[in-house]
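As given in TrEMBL:
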- C:72, C:73, C:74, C:75, C:96, C:97: FAD binding site (BINDING)
- C:243, C:248, C:251, C:267: [2Fe-2S] cluster binding site (BINDING)
- C:12-121: domain 'FAD-binding FR-type' (DOMAIN)
Ligand SMILES: Cc1cc2nc3c(=O)[nH]c(=O)nc-3n(C[C@H](O)[C@H](O)[C@H](O)COP(=O)(O)OP(=O)(O)OC[C@H]3O[C@@H](n4cnc5c(N)ncnc54)[C@H](O)[C@@H]3O)c2cc1C
Ligand SMILES: Cc1cc2nc3c(=O)[nH]c(=O)nc-3n(C[C@H](O)[C@H](O)[C@H](O)COP(=O)(O)OP(=O)(O)OC[C@H]3O[C@@H](n4cnc5c(N)ncnc54)[C@H](O)[C@@H]3O)c2cc1C
Ligand SMILES: Cc1cc2nc3c(=O)[nH]c(=O)nc-3n(C[C@H](O)[C@H](O)[C@H](O)COP(=O)(O)O)c2cc1C
Ligand SMILES: Cc1cc2nc3c(=O)[nH]c(=O)nc-3n(C[C@H](O)[C@H](O)[C@H](O)COP(=O)(O)O)c2cc1C
Ligand code: FES
Ligand code: FES
């Protein structure tokens, strides 16, 4: 028997496969038994009620998709009343994703959501920070450190910080999140993108721009997961474009301790269950006792064909 | 007869289609007559001799590619001696792409390359700046402004600043480049990415990471081209994932005055010539007298299905 | 290979809420007329526990120049658990449906469903009126079958651009429906004419419920007639979908509710909605 | 549709440097043995002005699960301007070649070429030795045809894992080549044995030039023998390619030069290089 369990800080997950926020809900329970998943990660909620963005909210781009759902939310009260009890029927740990327009509002929600039944809080610091001109907290190390400190002070639950690819300072932001008290990093959210319908000349999303997810995002977020795993000591949870068992392995080898599967579930609702089976089969076939033996096993010193020449520029 | 010509600052191009730096060389003259192109943009050169990065230098990722060529360069002397005269045989304007490790070295090259036969200088400020911890100049507004001021002082030729997608501050960087004296913006370079071979566990590029180009990049760089066209008054030249005439139209509609075609030429060496033909056919069919009528014609006020609800969050 | 579901649905989920991802085999995929094609699948019995008005989320193949990525929602045109058959009637609209049209008999197609809320027929409704245009008939066809099964009287007003595009007329007639056809070409599909026809039916045999789908014009007409005569009704709506399961919230539309306008998910609360709550677009 | 080039090459380009992007039609695409397949294309005459050792850059189709993006380089196995035929011998290595194997007769394939520098045969060379293994034979096959055309004497040492994988033996024999086969299974393909065979040829009829491709082991052996006996030679090399035209600089390899190690592009300065300049890998 191979061991699929992984450790994310104090939390032990039965396997490293879990859904990505916003691409999963209680509705998936009509398809398969959610207890099979390593964790259950909810759509981001806000304190108050929000409607989300105008439609159209999704469009297809070559082999991937854009979304501008926004964060429609019923508010924290109804979430605690209805959703937390729903997920308590499952033994996979519940991870609640939250967000706020300001660091203080964010921290307040963090405190309010720290209720029994919630195993960890994923803080979506990729969302716009109203006090920083709408730039996401996780675009800059300073705003990341600031918001993480406030969130850390607001709860004793494990805090997973979800980073954004819309930055040139991934490693610095990762270190800031760690310094601010994150127990794990989720790497990453969607990449800001756009698509225009040539016939009508209208943007194909009602909100003009939206986030790129799916296979096109993978090389970008895999690079970030690798950079983060090198930069910090806390676990990294890979996310972005994971559609096949090879994608799962690629992230684990790059240094991720677990992965989140997003858009792929829209294409194949049962894909996570199939990945768990395939991961077990892979370990068995290759005589690898534990999935933890894969984590960070990238042979990055041996990448170059020769070492006669090497420069800094990519 | 429809009019394909566009204006990039003082330079009038016979049509808006030109190659992207690093994906074109004199070798393409063995395939078609280069005089058909709107401009001829060279691979980035550096002052001194450089070897480039270790192999493997390219790999495929779902429907796109990564490269870590680096900037192999014979140095500025041989370039002026051999390449400038070669291109003088063509009437399409020669645009020389340059880069440097420090702002001063960059400026010196800018001055040296300002020779007869060069119509404009594309400054690849997406390359790492050694004085800024290896971060590219164009990742931040301040370093962009600084290097652009020095480059501006070094030449009287038109300066095209090539931006990077590896930043969260596209609009600010665009404004900084304009303020620093850029005559046009090229938007954008490749996105830092990674791929690992699961079988060997080795990174698939000798340099570990490299730049994503091709269709996967398009929604990202199109978004940037749109943002830049809104942010500045100088022309924007779109670049990223352009493979079909619809992609060309999408960038023009988004606000680009011209486009650069990169990776698509690797897949179809004659694609630029075919795009020029298709663009002319499109304008004729739709009774549009000039390609300039398309530029920035996006109906962004009408994107949303309804306007009953609208929020800031993407 | 044979048609098969790809996973086990938990016992705790009520039979009528179970959703399956399954591989089906194409039995045939033929043009019905210039615009529409009929796709017949060999489907596992589990997935055929459907309600009229529900839909499947279909993974169109990657084929030729076509590279659809997201699934495409398609109403169930026919579901026959006895013979293990699932049917879709579709129109080539773009990349996904163009690729779908290239599927050949014997090939495999991955479908997810049945999804969403179907039509309701209250026990005391006897005379049902169905009003549809074009591919909308696909959505309403299984309702006709269900009406026959329940012994209801059904009148179907079928609208199209021209007579040769009228579809499924025989299908409806075989099910004992009374058919009224209207076409643009004959000048019989305009609102005034339709209103007259429906008012006539209301005054004559009477109508207990309206069923429609897809057109703003028809929606408005039926809302007015429904309000005027106190006749309830349902409408099937469309919206761009990603997950099809209720998870992503991309498929919302606005609906009238007591406390203002609310958003509902077409894939989950719909695609069938109360006629009076629906809003034009 | 018929085979056609997609553009006009400028007159200023010398005929032997012209590169074409063209659509060819598949005449046949059949397995030769368990490992290799032969692809025969109906090709426009313009593109068949080739030199042995040159290659084409092939756009493998998007097919089934395979979605190759970049082109794949393939040596010219045969080019016959008279009958408008272009041939490739290939092995399924991964996604692109797997997709290529699914191409059927009558389908269209987009190729770019001819590309790169081929082999040279100096006027005063009479006895040529060709040493290749596996798919390397594909690269050397047109050289045998050219040798026959020029009236040169050719000896071909063909190496393979086992006798049934030896390919193109008849092809070489029909061209008048003397054939020596060596295989791992028979224990005849080791370096010591090969060295003996070649030393014998040098001592006997004599050898004016070596031609090889692809294997580190064979390269080293021929470099030593070449240096020892003063025999020149050429080797065809491989490297990952993107553009195939010399533009992107991704396909460089290191070569010995007077002033140290230099980089050359396999697609442009190669794929055929001087035997002694080549470096092992
Ligand atoms: C519940 C439901 C049931 C449907 N039933 C049928 C049916 O029985 N027969 C039929 O022919 N069509 C039906 N449609 C419409 C069908 O889904 C679209 O025609 C199809 O998605 C178009 O895909 P495409 O790639 O061919 O077109 P494209 O225009 O290339 O599609 C681009 C994107 O827009 C989406 N899209 C385009 N049109 C629609 C639409 N009308 N509704 C939702 N998404 C759309 C596509 O799914 C895709 O994501 C139904 C739609 C819904 C929501
Ligand atoms: C000049 C030249 C001539 C060649 N001639 C032949 C021939 O006649 N017959 C034949 O069977 N093969 C030949 N090859 C090798 C052939 O190009 C590869 O087998 C093929 O590209 C593999 O593609 P794939 O998608 O099947 O494999 P994958 O491993 O999936 O390919 C992944 C990537 O690596 C590249 N790649 C993989 N192997 C090689 C290789 N050996 N050389 C260069 N790039 C590679 C592919 O092009 C692709 O970009 C030649 C290579 C070169 C450079
Ligand atoms: C429809 C949709 C909605 C999303 N909503 C959220 C969200 O509410 N909070 C969040 O942190 N990420 C959200 N994401 C981002 C995903 O969690 C994930 O980071 C991203 O999609 C990349 O993973 P993928 O390529 O596997 O989809 C959403 C993504 C999609 C496609
Ligand atoms: C192989 C390769 C080499 C490149 N070299 C350079 C370069 O030297 N300088 C530069 O500014 N951009 C370089 N680029 C980036 C391209 O100019 C272009 O910005 C990018 O590829 C996006 O466009 P595309 O998707 O059309 O390829 C290179 C891209 C590729 C693929
Ligand atoms: S399509 Fe995802 S919620 Fe309806
Ligand atoms: S493959 Fe581009 S230079 Fe050789």
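Just so it is clear, glycine is given a Cβ too, placed from its N, Cα and C backbone atoms.
What TrEMBL annotates, mapped onto the structure for a quick look.
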{"residue": "C:72", "record": "FAD binding site", "contacts (Cβ under 8 Å, 6+ apart)": "C:57, C:58, C:60, C:96, C:97, C:100"}
{"residue": "C:73", "record": "FAD binding site", "contacts (Cβ under 8 Å, 6+ apart)": "C:55, C:56, C:57, C:58, C:115, C:238, C:241, C:244, C:267, C:271"}
{"residue": "C:74", "record": "FAD binding site", "contacts (Cβ under 8 Å, 6+ apart)": "C:55, C:56, C:57, C:58, C:88, C:90, C:138"}
{"residue": "C:75", "record": "FAD binding site", "contacts (Cβ under 8 Å, 6+ apart)": "C:53, C:54, C:55, C:88, C:89, C:138, C:139, C:236, C:271"}
{"residue": "C:243", "record": "[2Fe-2S] cluster binding site", "contacts (Cβ under 8 Å, 6+ apart)": "C:250, C:267"}
{"residue": "C:248", "record": "[2Fe-2S] cluster binding site", "contacts (Cβ under 8 Å, 6+ apart)": "C:242"}
{"residue": "C:251", "record": "[2Fe-2S] cluster binding site", "contacts (Cβ under 8 Å, 6+ apart)": "C:239, C:240, C:241, C:242, C:265, C:266, C:267"}
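For the domain 'FAD-binding FR-type' (C:12-121), the DSSP counts in helix, strand and coil order read 13 helix, 48 strand, 49 coil. Per the record's binding annotation for FAD, residues C:72, C:73, C:74, C:75, C:96, C:97 show a top Cα-Cα distance of 15 Å.
Checking the binding-site residues C:73, C:75, C:243, C:248 against chain A with a Cβ-Cβ cut-off under 8 Å leaves C:243, C:248, in sequence order. Residues C:72, taken from the binding-site residues C:72, C:243, C:251, are distinguished by a CB atom under 6 angstroms from ligand 1. With a cut-off of 6 Å between Cβ and the nearest atom of ligand 5, the binding-site residues C:73, C:248, C:267 reduce to C:248, C:267. Between the binding-site residues C:96, C:97, C:96 has the most other Cβ atoms inside 10 Å of its own Cβ, all protein chains included. Summarising the environment of residue C:267 ([2Fe-2S] cluster binding site), the number of other Cβ atoms within 10 Å of its Cβ, over all protein chains shown, is 27.
The record gives C:72, C:73, C:74, C:75, C:96, C:97 for FAD. Within 8 Å of the mean position of their Cβ atoms, the other Cβ atoms in that chain belong to C:55, C:57, C:58, C:60, C:71, C:88, C:90, C:100. Confidence for the domain 'FAD-binding FR-type' (C:12-121), expressed as mean pLDDT, is 94.
Contact annotation for binding-site residues (C:72, C:73, C:75, C:97, C:243, C:248) versus ligand 3: C:248, each with CB under 6 Å from a ligand atom.
According to DSSP, residue C:243 ([2Fe-2S] cluster binding site) is assigned to coil rather than to any helix or strand.
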